[in-house]
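*Asks:* Sending over a structure as structure tokens; questions will come in a sec.
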Amino acid sequence: MKHLAILGSTGSIGQQTLKIIRSLPHLFKVVALASYGNNKDVFFEQIREFSPSIVSVYDEQSYFEISKEFPNIEVFLGEEGLLAAATAGEVDTIVAASSGVVALPAIIEAMKLGKTLALANKEVLVSAGEIIKEIAKQYQTRILPIDSEHNALYQCLEGKNTSEVKKLVLTASGGPLLYKSKEDLSRVTIRDVLKHPIWNMGAKITVDSSTLVNKGLEIIEAYWLFGLENAEIDAVVHPQSLIHGMVEFQDGTVLSVMNPPSMLFPIQHALTAPKRYPAPHKGIDFSVKQTLEFFPVDEERFPSIGLARQVLREKGSSGPFLNAANEVLVQRFLTEEIAWCDILDKLTRLMENYRVSSCSSLDDVFAVDKEARALAQEI
């Protein structure tokens with residue numbers, strides 16, 4: 001039985017993780033739950049259902065309410081709570097289902113204790129990939145990707161000779177704006193952007209999908225996750241989102257992972273690997289006609305892929321800078337302060353003018369994060 005701490009349990013990934021746990025109760029025990037958002041009612045229901053021994057929240061009102069209603073549970077507040085949840089002695093696996101870098105210190109401390117990291121938070125590797133990889137190597141920490149694309153690549157690479165790998169290919173649905181003209185893109189609304197044709201996700205990641213920044217961040221994540229220095233990492237548009245990742249080998253053979261567009265598949269794999277169990281979710285119905293289309297990314301319309309390649313060339317502080325600047329620009333769009341087309345325009349300008357520095361500690365990461373947020377708010 002695996003003993004889990006779920007960081008970000010009330011978000012989309014967190015709730016789907018608990019759905020998998022609910023379907024396979026004999027395999028898991030939830031030791032700790034941490035919530036970042038305002039989804040208080042959902043969090044209370046999770047506490048009642050899964051009876052964790054540790055919970056963490058980010059607002060004082062919830063802290064006092066939980067302490068009163070659940071007197072036998074250890075309740076923590078803020079970053080202290082994340083650390084307590086992630087490093088609890090009974091926990092052997094951390095599900096990093098939060099967004100942003102707020103959980104980064106807790107994740108690193110858990111890795112130092114040898115706990116397995118089931119990672120859904122791409123910002124962690126984008127901002128601190130070099131640090132995370134060094135800690136994973138030093139402490140022999142296992143990292144299992146939950147992102148559907150990286151989980152697919154992980155499955156394709158498992159047991160393979162990585163020196164024979166030629167290319168890693170991440171697939172992109174193309175987002176809600178795939179078929180809009182350049183003229184239409186200048187007039188898109190928040191409502192247009194948040195209507196994703198395939199995936200049901202949070203607002204921030206849905207905006208990132210529309211700009212393909214999400215795919216750019218995933219290219220960076222794949223670099224740090226798999227460490228294949230001699231393999232090319234690319235992205236292709238695949239509107240059906242049935243194939244999630246492909247590995248091309250030196251002999252031209254391509255392996256892929258194929259399943260319906262649901263995060264339940266990679267979550268269950270990450271939680272149960274190397275074993276496989278019956279799933280509550282259905283696979284692809286091959287008795288029905290299926291279409292698979294692949295298009296190259298239009299990098300003129302979507303410079304985000306080029307920005308990701310820039311980060312991989314420059315490394316250092318460029319990753320945390322790109323990540324934090326994008327977060328601010330997306331938030332400015334969601335509050336109707338800037339237009340959708342401004343996100344990529346401003347992000348490109350910020351990256352063009354940024355002078356990369358070394359980034360070898362968490363203090364460095366958070367300093368760059370702060371600088372990027374300030375610049376992205378002003379531009």
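Placement of Cβ uses the backbone N, Cα and C atoms for every residue, glycine included.
Remember, predicted model here, so these are calculated numbers, not experimental data.
Below are the features I grabbed from Swiss-Prot:
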BINDING   T10, G11, S12, I13, N39, N121, E123, G202  NADPH binding site
BINDING   K122, S148, E149, S173, H196, S209, N214, K215, E218  1-deoxy-D-xylulose 5-phosphate binding site
BINDING   D147, E149, E218  Mn(2+) binding site
*Asks:* Taking the center of the Cβ atoms of D147, E149, E218 at the recorded Mn(2+) site, which other residues in this chain have a Cβ no more than 8 Å from that point?
*Replies:* K122, P145, S148, H150, N151, L170, K215, E221, A222, H244, G245
*Asks:* Cα-Cα separation of G11 (NADPH binding site) and E149 (1-deoxy-D-xylulose 5-phosphate binding site), in Å?
*Replies:* 19
*Asks:* Distance check, please: Cα of E149 (1-deoxy-D-xylulose 5-phosphate binding site) against Cα of N121 (NADPH binding site), rounded to an integer number of angstrom.
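*Replies:* Checking the Cα atoms of E149 (1-deoxy-D-xylulose 5-phosphate binding site) and N121 (NADPH binding site) gives a distance of 13 Å.
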*Asks:* Return the residues near I13 (NADPH binding site) by Cβ distance under 8 Å, restricted to its own chain and a separation of at least 6 in sequence.
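*Replies:* Expected: V95, A97, A120, I146, M263, I267.
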*Asks:* I need the nearest neighbour of N121 (NADPH binding site) among the binding-site residues D147, N214, E218, using C-alpha distances.
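*Replies:* Closest by Cα: D147.
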*Asks:* How many Å lie between the Cα of T10 (NADPH binding site) and the Cα of D147 (Mn(2+) binding site)?
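*Replies:* Answer for this pair: 17 Å between alpha carbons.
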